[in-house]
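Per TrEMBL, these features apply:
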- 19-39: transmembrane segment (TRANSMEM)
- 26-476: domain 'Major facilitator superfamily (MFS) profile' (DOMAIN)
- 81-99: transmembrane segment (TRANSMEM)
- 111-130: transmembrane segment (TRANSMEM)
- 136-158: transmembrane segment (TRANSMEM)
- 170-191: transmembrane segment (TRANSMEM)
- 203-223: transmembrane segment (TRANSMEM)
- 284-308: transmembrane segment (TRANSMEM)
- 320-342: transmembrane segment (TRANSMEM)
- 349-371: transmembrane segment (TRANSMEM)
- 383-404: transmembrane segment (TRANSMEM)
- 425-445: transmembrane segment (TRANSMEM)
- 451-472: transmembrane segment (TRANSMEM)
Amino acid sequence: MAGGGFAASGGGTEFEAKITPIVIISCIMAATGGLMFGYDVGVSGGVTSMGPFLKKFFPVVYAKTNDKNLNSNYCKYDNQGLQLFTSSLYLAGLTATFFASYTTRRLGRRLTMLIAGLFFIVGVVLNAAAQDLAMLIIGRILLGCGVGFANQAVPLFLSEIAPTRIRGGLNILFQLNVTIGILFANLVNYGTAKIKGGWGWRVSLGLAGVPALLLTVGALLVVDTPNSLIERGHLEKGKAVLKKIRGTENVDPEFMELVEASRVAKEVKHPFRNLLMRRNRPQLIIAVALQIFQQFTGINAIMFYAPVLFDTVGFGNDAALYSAVITGAVNVLSTVVSIYSVDKLGRRVLLLEAGVQMFISQVVIAVVLGLKVTDHSEDLSKGYAIFVVILICTFVSSFAWSWGPLGWLIPSETFPLETRSAGQSVTVCVNLLFTFVIAQAFLSMLCHFKFGIFLFFSGWVLVMSFFVFFLVPETKNVPIEEMTERVWKKHWLWKRFMNDYDEEFGKGYGVETKNGQAKGYDPHSQL
């Protein structure tokens, strides 16, 4: 991907921006945070279906999986401790993201990614060497801290360093690396499950060190974003980096816009409180809703527990891991589709098309499982088993080119600079909260809902599609600092929240009084 040209801006200006090698390399290195996140998502489902792992840490579950007389197919993995192994990572990430908001704003995006890498490395060591459940959970908590820091910094880094016209595609590199991490984990689990001696799960958990090292090295090699440098007062360095990443000396228009945005941001002393102000509510509502909806598509339930799920519906252990590898590969390929289409077709088209595809596939899956899989059935026929895999792949593919990457992209590009770190922190927090909820509840829901679990998620897909149709505006090819003028003020509903924007941010960023004199803007005036 090479070339040059101009990145269009609003107000009749154009920012010259070549697609330079340093932009591509920096984005690829930063996006390895997604590789780590994806590997953690994928590996947990694989090891929890391995007998030696269950026997060592969850003997009660191990006994249930081997007791055909007492066991229900849908309930054999229903155990709060087992679910805590998966979900503890996301609860820790939820907490860590608030600290990450501070480091992202005060120390920069690059250093925050480095902190994430260090958390990942220590967590991996504890997991791979775990001798008891406490050691295992502590390792997962440290991995969760890494997830909180990485998910806070990486999407911001990618959105800020990329030229406007390819911002969507480069940002989705994070999600692409998530899917590659999941596929890598599934392939590793498929191989380590066959290791004699019962220590294959240690290899699966230990190989997470590969993406952890990549993220750490990447954070050491990349440059911080001009936005971050300017925000922290390093104007000359920020301008030098801007010239370097844009491949041109003609960066004054973009630089001045960043400086002005930074000046406004510094007026805001309490960015989290500022998020609640009227003019910031549309971005906040959409960011929060997208994170909740992303989890309630059901994708993480499938990705966490794909081997367990396939084993539950009768595929057998080897076939279950093999099927998980297939869905992982589909996930990767479909995310590539999103990279090439998001800046051409736009965000809304991908989200709405995927809603239809996910809804239909989940309803059909529920019908097939409802008719063919009972509590004590041994397996599906080969034809039905293949059909279920195809349907799940259909669901996964639609998620991977829509809600997966866009759930992160849209919030990262819509918040103004003065609330961007705080907004991203809330985005990550809500995402991890509902990821935790799904991870902790899914196996119990599977036990009680049985095949109805897919109808539950399909109902949410229907709701979220209506939400997108009416309330999510198109942000394709709009410079980040011009979202207010070109997006929010033109939306049929959200423009009502922008009525006071010009008064608050008029010329000189003052407010006209009745006698014609301007007074300084008080960021807390509406709180």
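Every residue, even glycine, has its Cβ placed from backbone N, Cα and C.
Scored on C-beta pairs under 8 angstroms, the neighbour of the transmembrane segment (170-191) with the top count among 19-39, 81-99, 320-342, 349-371, 425-445 is 19-39. Here the transmembrane segment (383-404) sits against the transmembrane segment (320-342); at least 3 CB pairs are under 8 Å, leaving out pairs fewer than 6 apart in sequence. Counting same-chain residues at least six beyond the ends of the transmembrane segment (81-99), those with a Cβ under 8 angstroms from any Cβ of the stretch are 40, 44-45, 48, 54, 57-58, 61, 119, 133, 136-137, 140-149, 151-152, 304-305, 425, 428-429, 432-433, 435-436, 439-444.
By number of Cβ pairs under 8 Å, the transmembrane segment (203-223) is matched best by 136-158 from the list 136-158, 349-371, 451-472. Ranked by the number of CB pairs under 8 Å to the transmembrane segment (425-445), the listed stretches 111-130, 136-158, 320-342, 349-371, 451-472 are led by 136-158.
Residues 297-298, 313, 338, 341-342, 384, 387-388, 391-392, 394-395, 397-399, 401-403, 406, 450-455, 457-458, 461-462, 464-465, 468-469, 472 of the same chain lie 6+ residues outside the transmembrane segment (349-371) yet bring a C-beta within less than 8 angstroms of a C-beta in it. Beyond the ends of the transmembrane segment (451-472), by six or more residues, the same chain brings 285-286, 289-290, 293, 296-298, 301, 347-348, 351-352, 355-356, 358-359, 362-363, 365-366, 369-370, 373, 403, 410, 442, 445, 493-494 to within a C-beta distance below 8 angstroms of the stretch. Looking only at the domain 'Major facilitator superfamily (MFS) profile' (26-476), the predicted model's pLDDT averages out at 86.
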